[in-house]
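Engineer: First the structure, then my questions, so here it is.
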Amino acid sequence: MSVSDWLLFLLVRSLSLASLPGSIPFSSLQVQPQPDAKMCDQTFLAITFGPCDSCGLNKPLMNIYLKNEPINYCSLCVELMACQGLATGETIHTLKAESESLKTKLEEERAKLHDVELHQVAEKVEALGQFVMKTRRTLKGHGNKVLCMDWCRDKRRIVSSSQDGKVIVWDAYTTNKEHAVTMPCTWVMACAYAPSGCAVACGGLDNKCSVYPLSLDKNENLSAKKKSVAMHTNYLSSCSFTNSDMQILTSSGDGTCALWDVESGQLLQSFHGHSADVLSLNLAPSETGNTFVSGGCDKKANVWDMRSGQNVQSFETHESDINSVKYYPSGDAFATGSDDATCRLYDLRADREVAIYSKESIIFGASSVDFSLSGRLLFAGYNDYTINVWDVLKGTRVAILFGHENRVSTVRVSPDGTAFCSGSWDNTLRSHSQVGCSSGKWWRWRLNGS
Amino acid sequence: MSTTNNIAQARKLVEQLRIEAGIEQFSPFIRHDNRWQRMSTTNNIAQARKLVEQLRIEAGIERIKVSKAAADLMSYCEQHARSDPLLVGVPTSENPFKDKKPCIIL
């Protein structure tokens with residue numbers, strides 16, 4: 001080879017290695033300041049530009065987390081680091097082959113235990129009688145779409161948030177508004193009531209979760225006492241207090257969930273594993289321990305261990321975004337509502353989907369699901385303005401509720417189970433409860449006759 | 001003439017090196033409703049290793065039969081059905097959400 005050829009070869013070689021990040025269109029690069037240690041970010045999703053921590057060159061960086069410590073490496077150094085840990089003989093191909101074989105093995109294991117369907121086992125359970133639900137209260141006052149709501153543990157108060165940035169605390173029995181806060185952003189997609197009833201948390205397009213302590217003094221300006229707790233790099237889709245007022249779990253459009261300490265704003269644990277926006281999360285009922293489930297736009301529902309940050313189980317049978325996840329009251333299963341117009345029940349101990357709640361006539365996505373207290377009923381709000389009530393065990397629809405004039409965005413059952421409240425894009429919230437059910441008589445018969 | 005040959009060779013070489021280095025190809029964001037979804041082929045080693053680790057963990061968990069799990073769900077339902085107000089209904093006198101009737105002053 002001539003000298004010029006050799007030089008060209010070297011040039012090409014260096015260009016090819018340096019062009020590893022060149023496949024990303026430059027329009028997607030953002031110049032950002034050094035990420036704050038308190039921020040929670042998706043691995044490989046947000047790309048910043050700056051000096052690499054290991055090689056020192058100015059390159060597009062990938063923000064990754066190692067044992068919860070953020071490091072900024074350029075993509076070449078990430079590859080080198082990954083290669084270092086490989087055992088001898090492992091290449092990209094062996095790893096791919098192993099992942100494929102593990103996936104098929106997982107499917108086989110799951111299929112082996114699939115001996116019967118839930119509705120077959122439930123055939124011996126008595127069918128529910130005719131259901132009549134009535135709208136008891138209509139809460140009017142929001143100026144725009146209601147996006148989220150939560151009940152207080154005193155079974156009486158409700159906090160709701162809407163697109164116009166207002167967060168309102170209502171008394172559900174009297175329909176009075178007790179507090180109102182105006183957030184500095186629109187589309188407040190998440191709100192939650194603290195277990196003590198003394199604070200509410202909310203967030204949305206501002207990428208933050210803010211906690212407002214509620215005071216008894218009605219004239220007090222709540223915005224003055226606001227505390228910013230969580231910081232994500234994309235919109236906040238859902239937030240929930242853990243069993244105390246001191247910790248908040250949030251999920252975000254940046255694909256991560258995170259656990260924060262309210263007092264200090266410190267990030268306690270981050271959960272990486274979704275490959276698209278996380279839309280919803282739900283904590284396990286307290287008896288069963290420190291896990292939570294999250295559902296996202298990557299059609300996956302993941303179960304996480306809060307202490308280690310590990311993804312313990314993953315379910316991917318939906319055909320579209322999962323909008324809502326909710327644990328069964330016993331904590332052994334959870335239900336999901338999705339844009340593919342179905343709701344599904346997944347059992348954690350059997351590690352598979354055990355029921356699908358769908359009908360050919362339902363073509364609009366389910367935006368929100370919740371269980372009744374015993375877990376027999378599943379309430380699901382759909383984008384076709386209705387709420388369908390499903391019999392969880394038999395898989396049949398028990399009732400349809402009409403009344404909203406736009407999409408139902410959120411459905412929640414009260415803590416004592418006497419009513420459930422639905423929020424909708426028609427700017428109202430409605431609370432519904434039972435009028436009278438012939439199955440009530442059936443239960444009395446069972447008590448007498450058994 | 002020799003320069004064009006070299007450029008052609010150089011291009012081929014770049015392609016070859018790219019394949020060998022296993023560059024991750026990012027495809028553009030796909031818009032879905034008002035949310036963005038990223039699709040990327042897992043070509044690089046770091047992601048493949050993460051995936052294998054995750055699958056190893058998931059393959060190792062203990063599972064029970066669906067019949068047992070379903071039976072447990074059913075028994076939970078039956079145990080708690082009596083105390084479920086949305087299932088059995090509450091007497092109107094106790095229902096905090098009953099319709100308000102206007103007071104009549106006699």
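Along the chain as shown, residues are numbered 1 onward.
Cβ atoms are placed via backbone N, Cα and C, with glycine included.
Below are the features I grabbed from TrEMBL:
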COILED    A:92-119  coiled coil
REPEAT    A:139-180  repeat 'WD'
REPEAT    A:229-270  repeat 'WD'
REPEAT    A:271-314  repeat 'WD'
REPEAT    A:315-356  repeat 'WD'
REPEAT    A:368-400  repeat 'WD'
REPEAT    A:401-430  repeat 'WD'
SIGNAL    A:1-18  signal peptide
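Can you tell me where each of these features sits in the structure?
Structural biologist: Here the coiled coil (A:92-119) has long-range neighbours at 345, 350-352, 354-355, 393-395, meaning same-chain residues at least 6 beyond its ends whose C-beta is under 8 angstroms from one of its own.
Within its own chain, the repeat 'WD' (A:139-180) is flanked in space by residues 186-193, 195-197, 200, 202, 204, 212, 214, 218, 222, 238, 406, 409-410, 412-416, 418-419, 421, 423-431, which lie at least six positions past its ends and keep a Cβ under 8 Å from the stretch.
For the repeat 'WD' (A:229-270), residue counts in helix, strand and coil come to 0 helix, 26 strand, 16 coil, using DSSP.
Within its own chain, the repeat 'WD' (A:271-314) is flanked in space by residues 42-43, 65, 68, 234, 237-238, 240, 242-243, 249-259, 320-327, 329-332, 334, 336, 338, 346, 348, 351, which lie at least six positions past its ends and keep a Cβ under 8 Å from the stretch.
The average per-residue pLDDT of the prediction over the repeat 'WD' (A:315-356) is 94, rounded to a whole number.
Residues 118-119, 121-123, 125, 127-128, 131-133, 323-330, 335-337, 341, 343, 345, 355-357, 359, 362, 406-413, 416-417, 420, 422, 424, 432 of the same chain lie 6 or more positions beyond the ends of the repeat 'WD' (A:368-400) yet place their CB under 8 Å from a CB of it.
Nonlocal intrachain contacts for the repeat 'WD' (A:401-430), taken as residues 6+ away from its ends with a CB within less than 8 angstroms of a stretch CB, comprise 133, 135-140, 142-153, 155, 158, 160, 162, 170, 172, 367-374, 379-389.
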Engineer: For a three-state summary based on DSSP, what are the helix, strand and coil counts in the repeat 'WD' (A:315-356)?
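Structural biologist: Each residue of the repeat 'WD' (A:315-356) counted once, the result is 0 helix, 23 strand, 19 coil.
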Engineer: Count the residues of the repeat 'WD' (A:271-314) that DSSP assigns to helix (H, G, I), to strand (E, B) and to coil, and report the three numbers in that order.
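Structural biologist: Helix/strand/coil tally for the repeat 'WD' (A:271-314): 3 helix, 24 strand, 17 coil.
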